[in-house]
Amino acid sequence: MTRPVRTRFAPSPTGFIHLGNIRSALYPWAFARKMKGTFVLRIEDTDVERSSQEAVDAILEGMQWLGLDFDEGPIYQMQRMDRYREVLAQMLEKGLAYPCYMSAEELDALRERQREAGLKPRYDGTWRPEPGKVLPEPPAGVKPVLRFRNPLTGTVVWDDAVKGRVEISNEELDDLVIARPDGTPIYNFCVVVDDMDMGITHVIRGDDHVNNTPRQINILNALGGEPPVYAHLPTVLNEQGEKMSKRHGAMSVMAYRDAGFLPEAVVNYLARLGWSHGDAEIFSREQFVEWFDLEHLGKSPAQYDHSKLSWLNAHYIKEADNARLAELAKPFLDALGIDDAAIATGPALDAVVGLMKDRATTVKEIAEGAAMFYRVPAPDADALAQHVTDAVRPALADLAAALKAADWTKEAVSAALKATLATHKLKMPQLAMPVRLLVAGTTHTPSIDAVLVLFGRDVVVTRIEAALA
């Protein structure tokens, strides 16, 4: 194919968008970028009753968050109705389509008779014009549907980039309805006109569209268009092995942001959810674009693994800039009741994030760990009774005195802790646990010397001495 590469993502705005959906945007985006082509966003909103602006906004927001920028669009099918009607009129004029007056009840009865006879249920061509055929008289007051005049013989063939060579006999296909009685065009027809008008060269989409493909190819051929390369992606399964869907508990794309995942981690994970480059597990967006090809798309369903995504997210959090993570952590801190004013009273959030990020798998976890630096500690009474004993109080008093005089560095604080341990013949947990409780309000913190340095000398000494008073 010598045409410039043009790919598209064509979601229906009828609900939220999950990882399985957005993967059908990631791959055509990457292929367009790899081939220096054009990536088109098309909103297939002909299902007026189920489509919503809220769903469109969710699609746009999810793509923006993941950095899936489009070159053209969004193009809305509902804004192209005049074009569809123009093509329908041309097809009627050329005999490529015809009016069919068979009612839904008649069609149901026909299919039932076919099933009883052991035949495949299908439209029987009652209203299809043929040389020498006398058509029934159109019933009064009935508006017809329009049907595409599908070839009666021959085979539809395409070389699918994922499934290989696919052949479907035209005898298996009946004459597809392409417009409703009110003249509204049907999805399969609109898709063909759009792909033809937009010069789409590669259609990379879920394999739930495979059954539509032979019909779309026949319509495209009838209109004189050039069929694109098709790549039908296997289904994404959830952790229970079911098709990923909202009904089966799938999270929306933006729910991952709201849970504290980084977009680069989600993109990296999605890239590997149906495509591979050798054994590479971790790679940048730029590497993904450079390496991406259709030949290495998986042929089997890919199963979502939340622990794998969390592992990747932890990696990207460790690599991320502290200032960026601090900004991302602020909404989570705010949800914990810690606003900018509270943050201003404590240690620099960048530094706190730098300490917490090595232990976190999400930004939310960073915020939960950072919260202790911006709150008045309220340790559990039972924990205090367990750890702040009469036996350890003299050591706490000596430590407070040593910290008053020490240089305020991690090394000096560590030395003061070790000296106190030696003097009082204690092990580190016997001293570190009560210090953590009194200063931070919890026994779960990173390295005690690093934590104390961030709290600051005044806070640390004041809180220890207050407990001993």
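Cβ coordinates are placed from backbone N, Cα and C, and glycine is handled just like the others.
Keep in mind it's a predicted model, so treat the numbers as computed, not measured.
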Candidate ranges 11-21, 165-175, 297-307, 440-450 [criterion: Swiss-Prot lists as motif ''HIGH' region']: 11-21
Of 3-7, 208-212, 243-247, the range Swiss-Prot labels motif ''KMSKS' region': 243-247
Please give the average pLDDT for the motif ''HIGH' region' (11-21) in this predicted model. 91
Close in space but at least six residues away in sequence, with Cβ under 8 Å from that of K246 (ATP binding site), the same-chain residues are G15, F16, H18
Kindly report the helix/strand/coil residue split of the motif ''KMSKS' region' (243-247) according to DSSP, in that order. 0 helix, 1 strand, 4 coil
What does the DSSP secondary structure composition of the motif ''HIGH' region' (11-21) look like, as residue counts for helix, strand and coil? 3 helix, 1 strand, 7 coil
